[in-house]
Amino acid sequence: MKTIIALSYIFCLVFAQKLPGNDNSTATLCLGHHAVPNGTLVKTITNDQIEVTNATELVQSSSTGRICDSPHRILDGKNCTLIDALLGDPHCDGFQNEKWDLFVERSKAFSNCYPYDVPDYASLRSLVASSGTLEFINEGFNWTGVTQSGGSYTCKRGSVNSFFSRLNWLYESESKYPVLNVTMPNNGKFDKLYIWGVHHPSTDKEQTNLYVRASGRVTVSTKRSQQTVIPNIGSRPWVRGLSSRISIYWTIVKPGDILLINSIGNLIAPRGYFKIRTGKSSIMRSDAPIGICSSECITPNGSIPNDKPFQNVNKITYGACPRYVKQNTLKLATGMRNVPEKQTRGIFGAIAGFIENGWEGMVDGWYGFRHQNSEGTGQAADLKSTQAAVDQINGKLNRLIEKTNEKFHQIEKEFSEVEGRIQDLEKYVEDTKIDLWSYNAELLVALENQHTIDLTDSEMNKLFEKTRKQLRENAEDMGNGCFKIYHKCDNACIGSIRNGTYDHDVYRDEALNNRFQIKGVELKSGYKDWILWISFAISCFLLCVVLLGFIMWACQKGNIRCNICI
């Protein structure tokens, strides 16, 4: 019987303990941070997957599907390649003297004049594209003794046989083709680009009919360079009804230099020069439509925003563009470590601090306070610590963009078959650069994410230490991010703790008295629920055992009779 009384006393004593915050003479204050039900996984240096409350995607993986016409000046090549427009193919006459920032070549572009080849096509195309203009100046070359302005049925202007408008086809006059020696000085202050060519007849008869001599020769010289080309007579695959060809060459004449042209036949002469400008214009092959919009960055797939530091839309770009990487996604943490709030808090539903979990629903700040006191419960954000974290995180994205956005363009590389090894080397270099940047991007983002998480954890710890130093012995650290305050602390008192104006000395005596007046054993919150349930179960079990023993003893003494009927 004494055992029953003792256990009952313990049982009642345990349940009689006053819950934190329910006693008018105490209060509970917890510190916590923002949490969301479903966070975002990011990568850090130490963890491949860590959940944060918020993250920003750093890789632009889609385009607008169209090329914006602003702020760059876009010139749509339509049916013309840049070289056809340069030479003056009849169906490209509309491009004469045009200017551009980006010349867009279409896959449907075609040549519609005399068949030609350019031995150094890529260099000429790149040179003219970067110049950004087809401005042409005619010059008065003196071609005495030959017939000028030859034409062909394969190159019609309207219904008339014609030729490239920027070139002058010279052939025999009265069965004569004298030796040609023509000079043209550059008295300007800019570089001049001269385009000229050599005609390769398909037969010896065609050669003599046009140029009298059985073999021609063309030499073009400046003080710095000399090119000599001997025609190759012979049949070639038929193109637009012709098996003969023209080879296109080009010469740059510097200011103060002289252009010298010497020929005994087969010369396709220049009519003048193109002004060469130094600039950042370029060319791009694309079939994306040109639209009325604005974008600094253009790819063959279309324009893309440049508000992200990386993109994997296309390696070829023009303008201020994000750096190309292989990854489809790289997420930058812009929030703190996410620890979703527990839905239940034991049998008491008690509040808990940041050590155990975050708080959902705290929309006005990243860090804050929850309290229980005689006036009820409440929650408020700490704006100062929130702002300190936000200020440091906000600049991360802008800094990444500044580090990675290219202020130049990555143009297409073209090489002839003879330059195959150079092309392979160029491809290897470009692929290596992309691999390095992809690795660097992943490492950079992981470092920034690690710093963000460490930073936000640090701000939480700073706020906790600041609160602990204010309360001192007036409160006890409960070990879960909460303090049990041993004096009456109304909402005004709680507010003073939050804003840093709490006066420890005012409450010191009351707190000390309340500490000593607490009765019974105060169990730690982490084990209280378990101990209460275990105590209750043991008490019930022992009570049943004692009751059963009493019944059996009474039956033996005859004080109780038990009849079992079947």
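Placed from the backbone N, Cα and C atoms, the Cβ positions cover glycine too.
From a predicted model like this one, the values you see are computed outputs, not experimental measurements.
The disulfide bond annotation in Swiss-Prot covers Cys68-Cys293, Cys80-Cys92, Cys113-Cys155, Cys297-Cys321, Cys489-Cys493. The N-linked glycosylation site feature in Swiss-Prot is assigned to Asn24, Asn38, Asn54, Asn79, Asn142, Asn181, Asn301, Asn499. The annotation S-palmitoyl cysteine is assigned in Swiss-Prot to Cys555, Cys562, Cys565 on the grounds of sequence analysis. Feature annotation from Swiss-Prot assigns signal peptide to 1-16; the stated evidence is sequence analysis. Annotation source Swiss-Prot lists topological domain 'Extracellular' at 17-530. The topological domain 'Cytoplasmic' annotation in Swiss-Prot covers 552-566. Among the features that Swiss-Prot reports, transmembrane segment is placed at 531-551.
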> Of the recorded positions listed here (Asn79, Cys155, Asn499, Cys555), which is spatially closest to Cys293 (disulfide bond) when Cα positions are compared?
Replying inline: Asn79
> Of Asn181, Cys297, Asn301, Cys321, Cys489, Cys493, which recorded positions come within 10 Å of Asn142 (N-linked glycosylation site), going by C-alpha to C-alpha distance?
Replying inline: Asn181
>> Nearest of the recorded positions to Asn38 (N-linked glycosylation site) by CA-CA distance, picking from Cys113, Asn181, Asn301, Cys489, Asn499?
In response: Asn499
> From the Cα of Cys68 (disulfide bond) across to the Cα of Asn301 (N-linked glycosylation site), what is the distance in angstrom?
Replying inline: 11
> About how far apart, in whole Å, are the alpha carbons (Cα) of Asn181 (N-linked glycosylation site) and Asn54 (N-linked glycosylation site)?
Replying inline: 75
>> Which one is it, among the recorded positions Asn79, Cys92, Cys113, Cys489, Cys493, that lies nearest to Asn499 (N-linked glycosylation site) by Cα separation?
In response: Cys493
>> Taking the Cβ of each of the disulfide-bonded residues and counting other Cβ atoms inside 10 Å, which one has the highest number: Cys80, Cys155, Cys297, Cys489, Cys493?
In response: Cys489
>> Using a 10 Å radius around each Cβ and all protein chains in view, which of these recorded positions has the most neighbours: Cys321, Cys555?
In response: Cys321
> Can you give the mean pLDDT for the topological domain 'Extracellular' (17-530), rounded to a whole number?
Replying inline: 87
> Can you name the recorded positions among Cys155, Cys297, Cys493, Cys555 whose CA is within 10 A of the CA of Cys80 (disulfide bond)?
Replying inline: none
>> I'd like to know which of these glycosylation sites, Asn38, Asn54, Asn181, Asn301, Asn499, is least surrounded, judged by other CB atoms within 10 A.
In response: Asn38
> Per residue, counting other C-beta atoms within 10 angstroms of the C-beta, which of the glycosylation sites Asn79, Asn142 reaches the highest number?
Replying inline: Asn79
> Given the disulfide-bonded residues Cys68, Cys92, Cys113, Cys293, which one has the fewest other C-beta atoms within 10 angstroms of its C-beta?
Replying inline: Cys293
> Do you know offhand how many angstrom separate Asn79 (N-linked glycosylation site) and Cys113 (disulfide bond) by C-alpha?
Replying inline: 13
> So of all those recorded positions, Asn54, Cys155, Cys297, Cys321, Cys493, which one's Cα sits nearest to Cys92 (disulfide bond)?
Replying inline: Cys155
